[in-house]
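Colleague: Input: one structure, supplied below.
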């Protein structure tokens, strides 16, 4: 008998692998408008589309409870869920939580998590529509699902970008990733200290980006007010590089991103300097920013500027590649960061990988 | 400063705790018809209701990969998801998977899991509408979400049971639990054996119940054909006891269940005898049967018998309690099994707890 093949997932890349897994599934139901391969599933509900998405947050990968307050984690779980609905130009309406909890967790700790969920539900006007709970062998697992809706003529996919469209990004990038590094640094510095007092003064912005992120419901509402429907959109949860590649692949286009137009906050630059790292790498490959990346026709440039949204580049023809343009007009191809698969044993040397933040 | 309270979740009970957690969430959206507290969330989609649910399957709790083939696990994950949609009298349409995967898993193993998902999607005519993937530190985590729909006048909640309604149950109970025990027994017997050959002859039914369960879409379709809308319904995933208590609590009624009417298969009885255990305990507290428990008006008794569905008891007035009736007319109060929370360290002595199967 032939030896069983054991191909590492990293050799294919996460996204290519998911595409391959989903490929054999031909839709059987006419209500399935869009299945795998966008931020949320799109379901025909008669006079509108329903949107539907599930995210998994695992202890030791997406969060470390050494420094992540449970209240903030509950808030962030909701933000992660509804951000995928916003990325389809949808309005989030409901979320559900399913928790896996080990005996380390008490009634009080789970209540803290739900308090954060409640704050987020209030801030984004969504309803908690289900709260399941199961025992877990190892730590805390959170599955957060979100449901939203969108008018059929307002839905935005990843695939609609056109040549010469402007590439727009909300907020600033790389802050959540630098916040994570700050937290990891203080954790290492204070490890074993009986009464730890981490030093966070002057870095409140970075901490907030990592521990209390925002979903950009405000932007979706602003765009609706001026009747601007992006041609394509995605939320930035895995870093700008990965998301630009998704938009270009699904739209079958290329892109030019101007390096000196990347929106990076002052504290992100300062922290990068302290760590002797490049803030551009944080913006390109750092996770958890929950900003929106979208494209609009060139004719809407003034509208975008009026909203204070940054234009970082433009869409180019199919086959032209996705590249960063340096201030001296050099082109650097944009590459997707690798898929970091964790072992069942703690792996060493992965601390500095941006994929840890995702 | 006062010492922080650390109340064990087991002291409240899982379901009471979830109720308490969800209580402060008042719905903000008119489309939220039913939030926490039923098998699925109910969302108003205009001319019909959309149903929406997420289940978490964790390695070491819901499944043990020592004996659970990944293809079967993929199939079972879909069954678990759509069973909650059926329990609302809905038609399942879409499922999504979100996986957490450690480096132990290769491209080939994940493909096996998806093969099982594909078989289940084909059998139940549902579409895979999303497949997310994330790195995990510990083993395999599966979040399966299901979406379905139901006409507004056909939806069935847990809360509609009326006095004198018949309590009906599809299929036979306790088989999946006994299948789990069989698998655990062979695992222990063959632990460390270089070339294990487990003995499963004569137990194919029990193995099938545990490893390749069915969701009762057939029953929902049969009931629709004869225009029979149950007054209340729930799927049996945590054992009959827990589910009867849910129906009675939410309907504010009591119930009498006749012990000698519990549908228990021959192999379940035989296995229980071998293990010196009580097959009734398996039926009451064993998990993963994925049968439906529902109530219908007494006037529909003939219709239920014609479908070959068992009537196991009837609904009684509020305050009359939920009790088993023995053949000599003794009443035994039905109690919910406890919530078993696992430690981060492997706990001993929990092997025989029915809650392990859930």
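Positions of Cβ are set from backbone N, Cα and C atoms, glycine also.
In TrEMBL, annotation is done automatically, which means it is predicted and not curated.
Worth saying up front: this structure is predicted, and the values here are computed from it rather than measured.
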Colleague: Can you match one of B:84, B:191, B:278 to the Mg(2+) 3 site that TrEMBL gives for B:39, B:235?
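Modeller: Answer per TrEMBL: B:84.
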Colleague: Among B:114, B:177, B:258, which residue does TrEMBL annotate as binding ATP together with B:131, B:132, B:158, B:237?
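Modeller: Candidate listed by TrEMBL for the same site: B:114.
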Colleague: What subset of the binding-site residues B:54, B:84, B:114, B:238 has a Cβ sitting under 8 Å from a Cβ of chain A?
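Modeller: Sorted by position along the sequence, the hits are B:54, B:114.
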Colleague: Looking at the binding-site residues B:53, B:54, B:131, which ones sit with their CA no more than 10 Å from the CA of residue B:235 (Mg(2+) 3 binding site)?
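Modeller: Cα filter at 10 Å returns nothing.
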Colleague: Tell me which of the binding-site residues B:53, B:84, B:238, B:288 ends up closest to residue B:131 (ATP binding site) in space, Cα to Cα.
Modeller: B:53
Colleague: So which binding-site residues out of B:84, B:114, B:158, B:237, B:238, B:288 end up within 10 angstroms of residue B:55 (Mg(2+) 1 binding site), measuring C-alpha to C-alpha?
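Modeller: Neighbours among binding-site residues, in sequence order: B:84.
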Colleague: Rounded to the nearest angstrom, how far is the Cα of residue B:237 (ATP binding site) from the Cα of residue B:288 (substrate binding site)?
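Modeller: On Cα coordinates alone, these residues lie 5 Å apart.
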Colleague: Please give me the CB contact count at 10 A for residue B:237 (ATP binding site), counting all chains in the structure.
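Modeller: The Cβ of residue B:237 (ATP binding site) has 23 Cβ neighbours within 10 Å.
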Colleague: Reported as an integer number of Å, what is the Cα distance between residue B:53 (Mg(2+) 4 binding site) and residue B:237 (ATP binding site)?
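Modeller: About 14 Å separate the Cα atoms of these two residues.
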Colleague: Cα-Cα, whole number of Å: residue B:114 (ATP binding site) versus residue B:84 (Mg(2+) 4 binding site)?
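Modeller: Computed Cα spacing between residue B:114 (ATP binding site) and residue B:84 (Mg(2+) 4 binding site) is 21 Å.
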Colleague: Which whole-number value in Å describes the distance between the Cα atoms of residue B:39 (Mg(2+) 4 binding site) and residue B:132 (Mg(2+) 1 binding site)?
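Modeller: Cα-Cα, rounded: 23 Å.
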